[in-house]
Amino acid sequence: MKTVLIGVGQAGGKVTSSLVEFDHDMGFDAVKGALAVNSAKADLQPLDIDTVLVGQDRVKGHGVGGDNELGAAVMQSDAGEVMSALDGRITAEAEAIVVVAGLGAAPGPAGRRSARELNKVYDVPVYAIGILPGRGEGAMYQVNAGRSLKTLVREADATILIDNDAWHSSGESLEEGFDSINDSIARRVGLLFASGENVEGVGESVVDTSEVINTLRSGGVAALGYASAEADDDPDTNINVVTSVTRNALLTGTSLPNATKADSALLVVAGKPERISRKGVERARKWVEEETGSMQVRGGDFPLDSERLAALVLLGGVERSTRMEEFMQRAKEAREEAKRQAEAREDTDKLFQNDDLDSLI
Ligand code: GDP
C-alpha cells in the first residue's frame, strides 16, 4: 500500500521518522512522502523528514504542552497551512494517507482535525495510527486520549491503535523505552504498508494492497500483531513455525493486548516463498478465524528474503474488545476525577474569597 504519512505532535513526528527509516532500510519504497507537523520548533528540529511549524501567532514555536483545547485551536486555525503543505505531496500513486499521532496530549485533536480535512479533499482512504498513553501516565493523558480516540474513530476510515504499554519492557521507564517502542511500531506498520508492494513474480498466494484496504473497511479500531521465528529450508518442517508465529503475533505481539475479538482479519506470512508451508498457512488461518470470531479472515504471503518466517496479523473492528472497554472506562474515571478536583479547587477559592479576614502575607 503506497502511503503518504503525516506525523502530528512529538510522538507522531518521531514514529513517522522511524517508519520512513524502516521503509528505506528494507528497500520497500512503500512510503511515498512524509511530513511532520508541530507547534513546537524544538520537536521538529531533530527529525530527518520534511516538517511544517504551525500555530506561530499563538504559541510562538514553544508548543502547547498538554493543553488539548489550545492544541485544537492551534490546529483548527492552521488546518489550511497543513493542507497547503501537503499540496503536491499526495500524488496519484498514493493509495492511502496515514495520520500518526500520540493521543495522550495536544496532538489528539490535531490528528482528528487533519483526518477530517484530508477526508474531504482526497479520494484515497485516510487512516490514523493512534498511540494510547501507558497506564502509568497521568489522568490528563487518559482523558485526552479518550476524547481524541472517540472523534478520531469517527473521522478516519480506520484507526490502528498502539498501546504504549504493549512493547515496553519492565524495568525501564516509558520514555527510555520510546526508541524501541517506535522501532516495534515501524517494523509492524512498515511491513503492512509494504504488503503487496515490491513483489516480483506475483503469485496467487501473494498478498495484495486491496486485502489491507478491505480488512480495514469495517472502520473503527484496528490492531496489528507480529512475531517471527527461525525457519527450516523444508516447508514441511515449517508447519508448526507458521502456526506458532501466528499465535504469538495475535496473543503476545499485538499492538493492543487482549484485543482478539474482531470483525475482520488479515494474516500475512512473510519469508522465503519456498519455505512457507501451505498446510501451516491453512491451519493458521483457521485458528485466526476461531480466535477472532470473524468469518472474514483474509490471507496472503509476503515474499521476503529472510532466514526467518514472520506472521503479521491485522485485525479490523476490535472496538468491542475488553481492552478497549477497559481503556474507555479508565478515560471516563480520569475525567470524573479531574472534574472533582476542579470543583474542590473552586470550593476552596470561594471559601477564601468570602472570608472577611485579611491574609497574613
Ligand atoms: P505534544 O507535546 O503535543 O507533542 O505531545 P506528544 O506527541 O509528545 O504526545 C504525548 C503522548 O505521546 C504521551 O502519551 C506519550 O507517552 C506519547 N509519546 C511521546 N513521545 C513518544 C514516542 O517517541 N513514542 C511513543 N510510542 N509514544 C510517545
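For all residues, glycine too, the Cβ spot is worked out from N, Cα and C.
Here the structure is a predicted model, which means the values were calculated and not measured.
Among the features that TrEMBL reports, domain 'Tubulin/FtsZ GTPase' is placed at 2-201.
The Cβ of Lys14 (GTP binding site) lies under 8 Å from the Cβ of Gly7, Leu47, Phe178, Asn182, each of these being in the same chain and 6 or more residues away along the sequence. Annotation source TrEMBL lists GTP binding site at Gln10, Ala11, Gly12, Gly13, Lys14, Glu137, Asn164, Asn182.
The compositional bias 'Basic and acidic residues' feature in TrEMBL is assigned to 330-353.
Taken from TrEMBL, the feature region 'Disordered' applies to 330-361.
Packing against the compositional bias 'Basic and acidic residues' (330-353) from elsewhere in the chain are residues 135, 139-140, 142-143, 145-147, 149: each is 6 or more residues past its ends and has a CB under 8 Å from a CB in it.
Annotation note: Glu137 (GTP binding site) sits in a coil segment as assigned by DSSP.
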